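Features reported for this protein in TrEMBL:
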- 132-366: domain 'Sulfotransferase' (DOMAIN)
- K140, G141, G142, T143, R144, R221, S229, K346, G347, R348, T349, H350: 3'-phosphoadenylyl sulfate binding site (BINDING)
- K140: active site, for sulfotransferase activity (ACT_SITE)
- C329-C341: disulfide bond (DISULFID)
Amino acid sequence: MAYRFLSSRIVPSSNRLSRRFIVIFTISLSFMYLCYSILFCSGTIMPNQRLEDHRCVHLKNIGSKKLLQKSHYCTISAKARVISDETRAVSLLNLTGNQSKHSAFQKKQDVVDHKQSNNSNLPKYGNKKLPNALIVGVKKGGTRAVLEFIRIHPDVRALGTEPHFFDRNYDKGLDWYRGLMPRTLDSQITMEKTPSYFVTREAPRRITSMSRETKLIVVVRNPVTRAISDYTQTLSKKPDIPSFEELAFKNRSQGIVDTSWNAIRIGMYILHLENWLQYFRLSQIHFVSGERLITDPAGELGRVQDFLGLKRIITDKHFYFNRTKGFPCLKKPESSSQPRCLGKSKGRTHIQIDQEVIEQLREFYRPFNVKFYEMVGHDFRWD
């Protein structure tokens with residue numbers, strides 16, 4: 001059409017040379033337009049692709065945590081990456097004001113995970129799985145510290161709250177329990193902690209019915225100190241309760257301890273362990289020293305990582321000792337302006353207990369402790 005129009009108006013029909021020139025000129029313009037279109041499209045698309053490729057290559061030279069991120073980021077399509085980045089940006093914006101409180105941060109992560117699982121328009125990476133490992137006890141032994149410390153490992157995803165499935169919510173079923181868990185990749189371990197499991201008689205049977213291969217972690221502490229810590233926590237919530245001495249003894253003058261009081265009974269570790277060993281091998285249970293968790297957190301976490309079959313990534317460089325709290329804290333992560341310490345209720349100053357009461361309780365617990373040491377093959381030196 002362009003050729004006829006130009007040839008009819010610009011040159012005479014008899015001028016063959018001019019016609020040839022116009023044909024060549026028209027073809028040249030068309031070719032230039034085609035080249036320009038191709039270059040324009042590649043200029044708008046290719047830089048983004050090169051940026052993504054550079055990002056994935058760069059991740060190969062970073063630590064194991066970034067390697068884990070690469071495993072699910074660089075293998076997905078470009079469209080999915082864009083959606084994933086947008087989702088992550090929204091999640092980070094929601095969490096900005098709470099980075100100084102690690103437990104609150106994790107709870108919001110769990111909420112984001114739950115919201116994402118209900119939104120079919122968002123990409124979902126990994127699956128919700130039943131836990132491979134459980135921190136089952138003991139209350140006021142240091143379970144929260146172990147959970148917060150181990151969850152910085154890139155191969156561990158942990159539920160931030162205590163689900164109390166095997167003691168209070170068992171009737172809700174395994175599907176409900178699985179739905180609480182964070183999404184994990186095949187290479188990651190799913191964990192949760194509920195300290196009351198250790199003293200719940202039905203818990204071992206229920207857990208083994210879920211999986212006979214579940215790994216169990218029990219954080220133990222001097223039972224006298226643990227009982228005082230337990231009472232101090234209760235007193236902070238119920239200031240009108242009787243004194244520690246009144247609750248701990250049926251008859252103090254005769255040294256008769258009230259073993260029906262939960263704060264006392266929890267510390268009789270051997271009685272509870274015997275129940276667990278009816279369902280699990282001793283090799284499936286790892287005992288963490290609550291005392292050494294304070295003095296040598298890296299050493300205790302190293303043994304936990306070995307027990308879980310994880311590479312020792314959490315080391316001394318991750319901790320510093322907070323003298324105000326009297327407890328180790330995690331050093332400031334790259335993504336936060338604050339170090340991560342446990343909540344205000346952790347490291348709480350214990351109430352003063354008469355030394356004679358403490359000695360009476362030590363005598364009471366001594367035979368239970370000795371049997372416990374013999375059973376687990378380790379002397380925790382509480383006596």
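Positions of Cβ are set from backbone N, Cα and C atoms, glycine also.
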**OP:** Would you kindly give the Cα-Cα distance separating C329 (disulfide bond) and S229 (3'-phosphoadenylyl sulfate binding site), rounded to the nearest Å?
**Re:** 19
Original post:
Which Cβ among the binding-site residues (S229, T349) has the fewest C-beta neighbours inside 10 Å?
Top reply: T349
Original post:
In angstrom units, rounded to an integer, how far apart are the Cα atoms of C329 (disulfide bond) and K140 (3'-phosphoadenylyl sulfate binding site)?
Top reply: 17
Subject >> Residue among binding-site residues K140, R144 with least C-beta crowding, 10 angstrom cut-off >> reply: R144
Original post:
Of all the disulfide-bonded residues given, C329, C341, which residue's CB has the most CB neighbours within 10 A?
Top reply: C329
Original post:
Hey, how far is G142 (3'-phosphoadenylyl sulfate binding site) from C341 (disulfide bond), Cα to Cα, in Å?
Top reply: 13
Original post:
Any idea what the Cα distance is from R144 (3'-phosphoadenylyl sulfate binding site) over to C341 (disulfide bond), rounded to a whole Å?
Top reply: 11
